[in-house]
Amino acid sequence: MRQGFLTRTPSVLIFLALLALFTLVVTLASHAYGTAFLSTSFVKTLGKTLCLCLVALAMDLVWGYAGILSLGHMAFFALGGYMIGMWLMYARTEDIVVQAQANAPLPATPQEISDGVASQIFGVVGGAELPAVWAFAHSLPLQLALVVLVPGLLALVFGWLAFRSRVTGVYLSILTQAMTLALALHLFQNDAGLRGNNGLSGLQNIPGLGQVSQDRLSVWFFWASAGALGLGYLLAAWIVSGKFGSVLRAIRDDEQRVRFLGYSVEGYKLYIFTLTAVIAAIAGALYYPQAGIINPAELAPIASIYLAVWVAIGGRGRLYGAVIGAAFVSLLSTWFTGGRAPDLSLGFATIQWVDWWQILLGLAFVLVTLFAPQGIGGLVDWAQGLRAPNRRGAPLGPDAGALQEREATE
Amino acid sequence: MSALLEVSGVSVTFDGFRAINNLSFNIGARELRAIIGPNGAGKTTFMDIVTGKTRPDQGSVTFGDRSISLLKLSEAQIAQAGIGRKFQRPTVFEDQTVFDNLMMALKKPRSPFAVLFFRPSQPDAARVQALAEEVGLGQHLARKSGELSHGQKQWLEIGMLLAQEPRLLLVDEPAAGMTLAEREHTTALLVEMAKTRAVVVVEHDMEFVRRLDCKVTVLHEGAVLAEGSLDHVTRNPSVIEVYLGRG
């Protein structure tokens, strides 16, 4: 009965091998380290896509396995981005201010530098003081800790309140969506101290790495994203392969029964909700330095709905399904909305994909939900079914002593 | 005899309807008890109160040697304290294998952290194998429980209850939808289980109750109407009037 973790879950090895191969190919085709076949902006797009795959993985854990349809995980993703963005912006502005004051007759005091940074960052919203939320922005380690702590604590408090009151199903989805919206509206205000609707910008310039070209940086971030996705996949596969995964799926299928088995359903939900919020935040912290800019529109509820659509199309309840869905749909979306897809002429009307892509996506979502609930991942089952049909445990032959299905594995 | 479960003076009202009315009920540590009563007599509500699903308006429910009150505990804590519940409809986790179902039910630490780092040891796997064989599913450990027949699912659920090692077992209409042979097997299993723990069976079927050959409690309008052997209660005129007379 007992086997090693990787032999029990061969899909993990396959996934990691494919991810490593993909990373190698992209590296060899990049400007900085290879043939320059892929443009730097496309390498960034691929790196961002890997981050989206990671947050989709988190969504699959919380929705596909535990059955909590959270429409708030992109808020945790964006919060992670804001936390790292604050340090990026502060440290880079500090460099600029120090350089500008280098020629002054007297060396600048720390207070002068701090004031200079504040007026540089907040001049755009008419402020000259650093808000309290920027208290740790000068320190990379502290701000990195906040990447995990802020979304994690928000998820912990929100989840505790929601799960303790036994809010489930669509009501919980609405609640998470309300949380996202409230957070977005809060950040849109200049008073929130994160530059209102301007958001944080210039995040692609990494302080201290000014002399490193974007060609190289894009590949470095691509590597970091691939590494994070690989580790995230390992963690998720480890979680769902054991008894914890068993309990999660049991909660999804019959919550009340799990309670009578003696498991605290609320505790488990809170655990997985908070853990996935942290994974989402880490994905966001890797995403936004590649995107270069973050603003409150990133927290719009629609972003979290897209996340659910990716996971549904990819196939929820299986980890590689979420990754496939996120990669496939988001890359397709980039292609269609980037204006590169050729217009479709119907004679009486012309379909411009920039406008029509969302309708196509919505249609795909409805069709997948109705006719292929397994999503793209279901194709894997179908392919395996061709080789080893599932006989639902029936004997393979008509005789009484015929091999049972499970005895007949190769 | 000291009682394992002691329910005293419990009342509960749903929207003005008094489902349980000043109910008192005791059961000993190794006792088999049948609860009968017409529809709406409060049988299911009684089980909901004991397992923590429903909170009573007044009264007390205590359990175990140290008489801990169950009213402040959550469903999960009550289950951990040693009360198992079998539903009328077999509720197993159909998406998972028989092995996983039993492993989940096995008496082990239940906190998320303990479960996250839990990996089944050799004795655990052997215990699951033994349980599966006890309920006649030894050959089916690797199968998804959704593929099992109705009867097999019932056995699996009983196996899961045994794995929980409860001190008190509440069983809701175990004979519903069973063939005669399956009923006999179930009777034997319940009688066997009651040798080491308390078992409360809620049942409609008089014939089945007669087979159990145990003390019977008749509920009516949320209160105990009569208690004693089946022959004793069926001779009771008020029982005949409210229950048997209608049947």
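Here the Cβ of each residue, glycine as well, is placed from N, Cα and C on the backbone.
In TrEMBL, annotation is done automatically, which means it is predicted and not curated.
Quick look at what TrEMBL annotates:
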TRANSMEM  A:12-33  transmembrane segment
TRANSMEM  A:45-64  transmembrane segment
TRANSMEM  A:71-90  transmembrane segment
TRANSMEM  A:140-163  transmembrane segment
TRANSMEM  A:170-188  transmembrane segment
TRANSMEM  A:220-240  transmembrane segment
TRANSMEM  A:268-287  transmembrane segment
TRANSMEM  A:293-312  transmembrane segment
TRANSMEM  A:319-336  transmembrane segment
TRANSMEM  A:356-382  transmembrane segment
REGION    A:391-410  region 'Disordered'
Best-contacting stretch, by C-beta pairs under 8 Å, relative to the transmembrane segment (A:12-33) and drawn from A:45-64, A:170-188, A:220-240, A:293-312, A:356-382: A:220-240
Paired segments the transmembrane segment (A:45-64) and the transmembrane segment (A:170-188) in contact, 3+ CB pairs under 8 A: no
Recorded stretches the transmembrane segment (A:268-287) and the transmembrane segment (A:140-163) touching, at least 3 CB pairs under 8 Å: yes
Cβ-based contact of the transmembrane segment (A:71-90) with the transmembrane segment (A:170-188), 3 or more pairs under 8 Å: yes
Among the ranges A:140-163, A:170-188, A:293-312, A:319-336, the one whose Cβ pairs under 8 Å to the transmembrane segment (A:220-240) are most numerous: A:319-336
Within-chain partners of the transmembrane segment (A:140-163) [C-beta distance under 8 Å, separation at least 6 from its ends]: 72, 75-76, 79-80, 83-84, 86-87, 91, 172, 175-176, 179, 265-266, 269-270, 273-274, 276-278, 280-282, 285
